[in-house]
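Notes to accompany the following structure.
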Amino acid sequence: MLPPTRETSARTALTVALLGLVLLSFALRIYQLDGQSLWGDEAWSLFHATRQSVSDVLRSAHDDGVVPPAYYLILHSWIPAVGQSEFAIRYMSVLYGVLAVPALFALGHRLGGMGTGIIAALLQTLSPFHVYYSQETRMYAQMTFLIILSTYFFWRLFTETASRAWKMWACYAVASALAVNSHYFAWYVILAHALLWLGDLTWRRLAA
């Protein structure tokens, strides 16, 4: 049996570290998830999501006019499967919060290597704000996860010459569309993507 190479050992350590962060992020976000009853905005989310049909959810969100309907639509499908207890309806945000950790690792890895990815994932795991919003029946954890995905696919499009770029474009479009339909603030990130892309394109043309 061949001894493990330094690269293999590093990959194993990285996998263990990332798995540990994912488990820690889950533990922090699941802790006392139902420790308090639903508060105002959470009850409002439940009000929209429990409309009788999809069209009713869309109409309710449109009439409210505060945020787009994507979160309410997903919660509308989630509730019949898990119920309406505080724990059950907040658990969806927990999942988004946990998934954001490996997603941010992947983005950080692309931007600055494995060390950057691990540090980014660690900060996300321990962030009190992210833990807090990952325990709310609101759209913030969902939007954050989708924005990380959107930025990951954008960066791959921006830095790689892929033979099948259409797949990256499709993933970017889906993640971005879901993000901006979760909360309007996501538009600021999409705008930043566009400005970076246009700035790079302009620079290349001037340098040509």
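Glycine residues also receive a Cβ, built from the backbone N, Cα and C atoms like all the rest.
Caution: TrEMBL annotation is automatic and unverified by curators.
Residue counts for the domain 'Glycosyltransferase RgtA/B/C/D-like' (68-201) under DSSP, helix first, then strand, then coil, are 111 helix, 0 strand, 23 coil. For 68-201, the entry in TrEMBL reads domain 'Glycosyltransferase RgtA/B/C/D-like'.
TrEMBL lists 12-31 (among others) with the feature transmembrane segment. Beyond its flanks by at least six residues, the transmembrane segment (12-31) meets 4, 91, 94, 97-98, 101-102, 105, 114, 118, 121-122, 124-126, 131, 134-135 of its own chain at Cβ-Cβ distances under 8 Å.
Within the chain carrying the transmembrane segment (88-107), a Cβ under 8 angstroms from the stretch's Cβ atoms is held by residues 18, 21-22, 25-26, 29-30, 33-34, 42, 45-46, 74-75, 78-79, 82, 117-118, 120-121, 124-125, 130-131, 133-138, 140-142, 144-145, 148-149, 151-152, 155, all 6 or more beyond its ends. The transmembrane segment annotation in TrEMBL covers 88-107 (among others).
Within the chain, the transmembrane segment (114-133) has long-range Cβ neighbours (under 8 A, six or more residues past its boundaries) at 10, 14, 17-18, 21, 24-25, 28-29, 93, 97, 100-102, 104-108, 140-141, 144. Per TrEMBL, the feature transmembrane segment maps to 114-133 (among others).
Residues or ranges marked as transmembrane segment by TrEMBL: 139-158 (among others).
Cβ atoms under 8 Å from those of the transmembrane segment (170-198) belong to residues 67-71, 139-140, 142-143, 146-147, 149-151, 153-154, 157-158 of the same chain, restricted to positions at least 6 beyond its ends. Positions annotated as transmembrane segment by TrEMBL: 170-198 (among others).
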* **For the transmembrane segment (139-158), distant same-chain residues with Cβ under 8 A (at least six beyond the ends)** => 45, 67, 70-71, 74, 92-94, 96-97, 99-100, 103-104, 106-107, 110-111, 130, 133, 165, 168-169, 171-172, 175-176, 178-179, 182-183, 185-186, 189-190, 193, 196-197, 200
